[in-house]
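Trainee: The structure is given below, and queries will be raised subsequently.
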Amino acid sequence: MSFATISVIGLGYIGLPTAAAFASRQKQVIGVDINQHAVDTINRGEIHIVEPDLASVVKTAVEGGFLRASTTPVEADAWLIAVPTPFKGDHEPDMTYVESAARSIAPVLKKGALVILESTSPVGSTEKMAEWLAEMRPDLTFPQQVGEQADVNIAYCPERVLPGQVMVELIKNDRVIGGMTPVCSARASELYKIFLEGECVVTNSRTAEMCKLTENSFRDVNIAFANELSLICADQGINVWELIRLANRHPRVNILQPGPGVGGHCIAVDPWFIVAQNPQQARLIRTAREVNDHKPFWVIDQVKAAVADCLAATDKRASELKIACFGLAFKPNIDDLRESPAMEIAELIAQWHSGETLVVEPNIHQLPKKLTGLCTLAQLDEALATADVLVMLVDHSQFKVINGDNVHQQYVVDAKGVWR
């Protein structure tokens, strides 16, 4: 069965680029999202997120009649579910959005359809999704019931793209294809080859699920080493960035760069999925998460120390001091604030500091709700000219071009080493 019509559930940072990639190959693509604003924006040929090169692809696809968005699912040959999978309680995975998406498409599933889960999920989620679909559609058969002879094929195919490079990596990167059966994997591979230039690497659904969690946990553990090293160096009076540069001259050493913490909806979340399912075995993974989660509070302590030094050296009161936070996004040159340690730090500073807290974030036009009324969104020049204490949190390109020698403030907390 060919894939004449493809539907993507969830039109966020992964779903919309994926929908656009299929539409760019002149496939009929229906994007589904519960966010009416996102749907309306896309149907105008515009985008509601920041991602290089995405706007032009969406505009061309919509104008050509290959991409449209809706708030309700309609019949399609293939479905891709790319909805959030946050955690709840004690870092337990919350599969509510995946279940809701699966149950929303069940009424319009047809024999021969392919359903792919892309959302980062704990091991066994694809099988659980298949159970939800089977529960709602007893008239159809699924892989867990009849194997290769199933009416509906099910697979897990995680994305592995870098925000800011999504439109390139979506097409160029290899793709892990985890079907519930070999037939499911073959059909999923056929679907992705519509736009994929990388290789489709086939495995089973459980291994594919664990693969995505492993990739991000590996990154988290390595970042935790760098962040822990930064704490040690601060106590020892050593420039951690110089230290890492020197250590990395060793041919078999590649230490990552420290920062204010770890953010985003992948690296800051996925390791907990492994810990939740394997609490006794995942001790290193848990410790790395705790190290990275603690880093924002260490940054806050540095800010408090800088403010105390500033007050001691000037005749200003605390309420007269301005603190400027540079960056809110979880990584450079994007507008994604999910799980961002920079935003957490800005919020904590604003709650603690009696004076004005400025925020400079060149990729947004208004503050998120949790910072509205707490902080002031400022331009870069204004913050540099008026703030008493500077806090560098995200190494956006606009910040990196500023020569540290031209920063006149004596009280600087640089969590990214931009002005080192």
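From the backbone N, Cα and C atoms, a Cβ is placed for every residue, glycine too.
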Trainee: Report the candidate from Gly263, Gly404 that shares the UDP-N-acetyl-alpha-D-mannosaminouronate site with Arg160, Val161, Lys212, Asn216, Arg219, His250, Arg252, Phe330, Lys331, Lys416, as recorded in Swiss-Prot.
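Mentor: Swiss-Prot lists Arg160, Val161, Lys212, Asn216, Arg219, His250, Arg252, Phe330, Lys331, Lys416 binding UDP-N-acetyl-alpha-D-mannosaminouronate, and from Gly263, Gly404 it also lists Gly263.
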Trainee: Rank the binding-site residues Arg219, Lys416 by the number of other Cβ atoms within 10 Å of each Cβ and report the first-ranked residue.
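Mentor: Selected residue: Lys416.
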Trainee: Quiz question: given the binding-site residues Arg160, Lys212, Arg252, Arg338, which has the greatest number of C-beta atoms lying within 10 angstroms of its own C-beta?
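Mentor: The residue with the densest Cβ neighbourhood is Lys212.
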Trainee: When DSSP is mapped onto helix/strand/coil, what comes out for Cys266 (active site, nucleophile)?
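Mentor: The residue in question, Cys266 (active site, nucleophile), is coil (DSSP, three-state).
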Trainee: Would you list, in sequence order, the binding-site residues among Arg160, Lys212, Arg219, Phe330, Lys416 whose CA lies within 10 Å of the CA of Arg338 (NAD(+) binding site)?
Mentor: Phe330
Trainee: Here are some binding-site residues: Tyr13, Phe330. Which one has the most Cβ atoms within 10 Å of its Cβ?
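Mentor: The most densely surrounded of these binding-site residues is Phe330.
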Trainee: So among Arg160, Lys212, Phe330, all listed as binding-site residues, which is physically nearest to Thr85 (NAD(+) binding site)? Use the C-alpha atoms.
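Mentor: Ranked by Cα distance from Thr85 (NAD(+) binding site), first place goes to Lys212.
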